[in-house]
Each structure stands twice: as structure tokens, then as C-alpha cells.
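Peer 1: So TrEMBL has the following annotated:
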type: BINDING; residues: 84-91, 97-98, Arg136, 163-166, Lys174, 190-191, 258-259; note: substrate binding site
type: ACT_SITE; residues: His85; note: active site, tele-phosphohistidine intermediate
type: ACT_SITE; residues: Glu163; note: active site, proton donor/acceptor
type: SITE; residues: His257; note: site 'Transition state stabilizer'
Amino acid sequence: TVLVGRKEEGLCDCVSSGGLSVNDTTRANKRFCHQRPITPTYLPNTPAAMFAVQRSLSLASRRFPVRSFAALQAADKHTLVLVRHGESTWNLENKFTGWVDVPLSPKGHEEVVEAGKLIKAEGINFQVAHTSLLKRAIRTLWHVLEQTDKMWIPVHKAWQLNERHYGGLQGLDKQQTVDKHGKEQVLVWRRSYDIPPPTVDRTSEHHPSNDPRYADFEFDDDFTESLSTTLDRVLPYYESEVVPELKTGKDVLIAAHGNSLRALVKHLDDIDEATIAELNIPTGTPLVYELDDDLKVIPQEGAIAPLRGKYLGDLEAVRARIEGVKNQTK
């Protein structure tokens with residue numbers, strides 16, 4: 001005979017056979033069906049009965065697929081992909097850009113197309129994306145979405161993901177600024193954690209009050225930003241907009257800027273202020289974080305310290321890009 005579970009109104013799809021007690025079978029059916037308790041039924045050991053049992057088992061396996069331990073482990077991970085925009089025209093011209101809305105250079109377009117291909121090859125399946133209000137980051141996101149066949153997913157644009165505002169340095173040539181103010185002073189403005197460059201006031205074309213995309217936001221009359229104040233806007237956005245998505249099981253892509261991403265990885269990797277001053281994020285290079293259920297970073301093999309997320313692509317080429325960012329004011 002074959003022991004199966006039967007609900008009051010019909011045969012349950014979750015069937016146990018051979019050698020199970022009534023209690024074992026009831027527990028098994030409760031576990032998979034999450035319905036009312038069942039009562040055991042005995043079927044004769046005939047070909048017709050066995051066919052019915054096998055069919056029920058097949059239906060159950062479709063409805064409640066058994067997941068391997070590896071699959072269960074993977075399900076506990078949350079993937080966050082960060083991409084700094086590709087090289088912009090002002091990166092190429094070695095100018096302080098900040099919130100000036102410049103486009104990607106031809107090389108920048110190539111970088112982020114390749115970034116999208118790397119993400120697709122890695123098999124990352126993000127369901128939502130975030131970017132800034134600046135076209136170099138938006139265009140970067142478009143390229144990545146196109147290469148990964150994800151043009152249809154929701155995209156959120158936010159000024160909080162903008163590059164750090166460089167105040168009175170915006171539009172200036174970096175090397176000329178070094179020649180005028182000295183390398184050490186410019187490095188302090190560029191890379192220190194909490195010392196901002198000179199401000200701009202509301203008469204400046206670079207003050208955000210003079211740009212219609214920021215018309216709904218309030219900014220100080222004398223405005224500039226350090227990495228610390230950039231973090232003060234990036235982190236609340238991450239906590240309020242990105243974290244809930246990660247907690248619901250979505251993988252997330254963020255296409256942003258060197259300093260907004262430095263601010264975010266400072267938080268993710270718990271990097272101290274002295275170390276973050278020396279950290280450079282390369283253009284157009286996907287940085288992949290795996291997070292546990294508490295959204296703590298799971299260290300990745302091949303990560304470049306102090307980061308625990310992993311850059312995709314050839315690591316020697318990645319290091320060369322990092323060095324290129326570092327050398328912009330030499």
C-alpha cells in the first residue's frame with residue numbers, strides 16, 4: 001500500500017510514500033502545503049494507483065522545487081553594483097567638473113559599453129537602477145542597461161548622487177590650479193575628507209540655484225562641498241531609497257561619480273577618513289558588492305584593499321585606471 005495525504009476536499013499535491021508514519025507524513029504535507037492538517041489515506045499497490053502517486057509527486061516538485069544548499073546560500077546574498085561614469089570631456093581636459101553637466105568623451109562611451117558587457121558576462125540580474133541628475137552618469141547608465149538588456153527596468157534619478165560640488169574650482173584646469181596654489185593645497189581640496197574648496201555665491205553660474213534642475217531644493221547662499229558633506233546627502237539617500245530595495249531581494253545598480261561613490265564605499269567598507277583621502281575610483285569600471293541579510297559586505301576574492309567589493313575585468317587594467325585618476329594633478 002501507499003500512504004498519501006488527502007485534504008478534506010481532495011488529494012493533496014504533496015505526497016509521501018513508503019516507510020513514513022502518519023505523523024511524518026502530516027508534517028511533510030504541512031511544511032509544503034501550508035494548508036489545513038491532512039488525514040492519511042491508503043491506496044492499493046496497483047499500477048493505476050502508482051501512476052496517480054507519481055503524477056502527484058511530479059506536480060509537487062513543480063510547485064515546490066527543492067533548492068540546493070548553494071542556491072539557498074546565493075539567495076541570502078544581495079548584489080549592489082557601482083559604476084563611476086566613463087571618462088568625460090572635462091576628465092579628458094583635466095578640469096574640475098563637479099556639477100557642470102558635461103558629456104562623456106568618445107573613450108568614455110567605450111569604457112561604459114565594456115562595463116555593461118562585463119556585468120552581463122558576470123550574470124548579474126539587477127532589477128532597479130539609480131543615477132544622478134548629470135548626463136555623464138545618466139548616459140553611463142543607459143549604456144550599461146542597453147548592454148545588459150535592462151532598458152525596461154525602473155530608473156531613479158537624484159541630485160543626492162551627483163558628483164561633489166567643487167565650489168569656486170569648477171571649470172578650472174587642475175594642473176593650472178596646482179601651479180597657482182601648490183600641489184599640497186589642491187590635494188587637500190580634492191582628497192581631504194572635510195576641507196572643502198572655496199565657495200561660490202548666488203551670482204555664480206555654478207551655484208545650483210541658477211540651474212533649473214535644482215529649483216525645488218534649497219542650498220546655502222555660499223555653496224561648496226567636501227567629501228564629508230557629500231556623504232551627508234549620499235548616505236541618507238542610500239538608506240531611504242536603496243536599502244529597502246535590497247531588503248526586498250532586488251539587486252541594484254548605481255551609476256554615479258567619483259566622489260559620491262567614494263562616500264558610499266566609505267560607508268560600505270567602513271573606511272577611515274585618512275584612508276578614504278587616498279582612495280580613487282576608476283572611470284567606467286563595475287564594482288560589485290555582495291551583501292548579507294544584514295546588508296554587511298561579504299569580502300570578495302580579488303578585491304583591491306581597502307575595498308571588499310570586486311572590480312570586474314582585468315585587475316591590472318583596473319589598477320592602471322586608478323593610477324590615472326591619482327595622477328590628474330601631477
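Cβ coordinates come from backbone N, Cα and C, glycine included.
Just so you know, TrEMBL annotations are computer predictions that nobody has curated.
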Peer 1: Let me spell it out: for each of the binding-site residues (Gly98, Gly258), count the other Cβ atoms within 10 Å of that residue's Cβ, using every protein chain shown. Which one has the most?
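Peer 2: Highest number of other Cβ atoms within 10 Å: Gly98.
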Peer 1: If you draw a 10 Å sphere around the Cβ of Trp90 (substrate binding site), how many other Cβ atoms fall inside it, taking every protein chain shown into account?
Peer 2: 20
Peer 1: If one measures from the C-alpha of Lys174 (substrate binding site) to the C-alpha of the residue listed as 'active site, proton donor/acceptor', what distance in angstrom results, rounded to a whole number?
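Peer 2: With the alpha carbons as reference points, the distance is 16 Å.
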Peer 1: State which of the following recorded positions has the fewest other Cβ atoms within 10 Å around its Cβ: Arg84, His85, Arg164, Lys174.
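Peer 2: Comparing Cβ neighbours within 10 Å for the recorded positions Arg84, His85, Arg164, Lys174, Lys174 has the fewest.
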Peer 1: A 10 Å Cβ contact count, applied to the recorded positions Glu87, Glu163: which residue has the minimum?
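Peer 2: Result for the recorded positions Glu87, Glu163: minimum number of other Cβ atoms within 10 Å at Glu87.
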Peer 1: Given a separation of at least six residues and a C-beta threshold under 8 Å, show me what packs close to His257 (site 'Transition state stabilizer') in the same chain.
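Peer 2: Residues satisfying the criterion: Arg84, His85, Ser132, Leu134, Arg136, Ala137, Leu161, Asn162, Glu163, Arg164.
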